[in-house]
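Taken from Swiss-Prot, the feature transmembrane segment covers 33-53, 77-98, 113-133, 178-198, 226-246, 288-308, 320-340, 347-367, and the record attributes it to similarity to another entry. Marked as heme b b562 binding site by Swiss-Prot: His83, His182. Under the heading heme b b566 binding site, Swiss-Prot lists His97, His196. According to Swiss-Prot, the feature ubiquinone binding site maps to His201, an assignment based on similarity to another entry.
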Amino acid sequence: MTNIRKTHPLMKIVNSSFIDLPAPSNISSWWNFGSLLGICLILQILTGLFLAMHYTSDTMTAFSSVTHICRDVNYGWLIRYLHANGASMFFICLFLHVGRGLYYGSYMFMETWNIGVLLLFAVMATAFMGYVLPWGQMSFWGATVITNLLSAIPYIGTDLVEWIWGGFSVDKATLTRFFAFHFILPFIIAALAGVHLLFLHETGSNNPSGLSSDTDKIPFHPYYTIKDILGALILIMALSSLVLFSPDLLGDPDNYIPANPLNTPPHIKPEWYFLFAYAILRSIPNKLGGVLALVFSILVLALMPFLHTSKQRSMMFRPISQCLFWLLVADLFTLTWIGGQPVEHPFIIIGQLASILYFALILMLMPLASLMENNLLKW
């Protein structure tokens, strides 16, 4: 008798994706982040569902309802902090996952990569709207500042902003629609992640060497299931430590002050995972220019397959490209730091230089280094 997992219509899909999937024998721990992102998404959907049971999306009661969750709901504080810090873990895994893709040339799977870029935008939109929901000072002013950026779009900008707001300022209508979108988007993300996997399994996984691994495949289970479980345990331990020991470490104290349209906080800044993009936005004195730079700072990832000039796929055997890659990582840390600083000297000039370096590395220096390495191969 044939095994049920190979004949049952539903089990067959699970089997070909997670059990009998042929995987390269040499993929490292950098390939763990896909499964970790799946775990993060499931965690966010579950904790979010329980939070939504107690949350009210009304400007008068939103802040109080979050306080009520933390004080009165059984383990409400745990659910709330798991959700808030789960978002941080989600972004850490996302950045590492994208970084792995850049380093090992995974962007050469174009469909998978482009769905991934789309997923990144969707997760960023979801996180932004989620940050607005507690209706603290930073929620309100963050929503005001970021939505206002759309007014930089010529001709239709102002109308577009008022349409998104549902009025002439960020108010009840804005909060209600943000809650609705924040609830639905994770399910769209889950569907997109399914498409992401579908395209990945059309080609098979990349591996650290960047060479074809068709001659040396091993089944996903038990080798990589056990490896993913180890990664999951590390993720859960890190998240638990953060939630139970310092749940507010990555948050903003201003968000414990109820939203007040008459009082602007001294430093308006988003959550830490948006700071690099926020620094790029602020480094350009022109509003439209800043918005374009902000969007392009993420959209530039979609250009990666076209900017690949090397004869080798992976950076594993390309020392010059490796140096530039780690310079890019250092530059992103610098941008993240600058995004959290006030707009004053010397932070302005550091931010501008870091922004120029960011685009220069991706658009010019890395493709040029690859061409140089191609010539070194002839020696």
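Even glycines carry a Cβ here, placed using N, Cα and C.
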Stretch-level contact, the transmembrane segment (226-246) and the transmembrane segment (113-133), CB cutoff 8 A, at least 3 pairs: no
His196 (heme b b566 binding site) and His182 (heme b b562 binding site), distance between Cα atoms, whole Å: 21
Chain residues outside the transmembrane segment (347-367) and at least six past its termini with a C-beta under 8 angstroms from it: 279-280, 282-284, 293, 296-297, 300, 303-304, 307-309, 321, 324-325, 327-328, 331-332, 334-335, 338-339, 341
Fewest other Cβ within 10 angstroms of its own Cβ, chosen from the binding-site residues His97, His182, His196, His201: His201
Residue from His97, His196, His201 whose C-alpha is spatially nearest that of His83 (heme b b562 binding site), among the binding-site residues: His97
Remote residues contacting the transmembrane segment (113-133) - C-beta distance under 8 A, at least 6 residues beyond either end: 55, 57, 62, 66, 87, 90-91, 94, 98, 101, 106-107, 139-140, 142-143, 146, 174-175, 178-179, 181-182, 185-186, 188-189, 192-193, 195-196, 199, 270-271, 273-274, 298-299, 301-302, 304-305
C-beta crowding around His83 (heme b b562 binding site), within 10 angstroms: 21
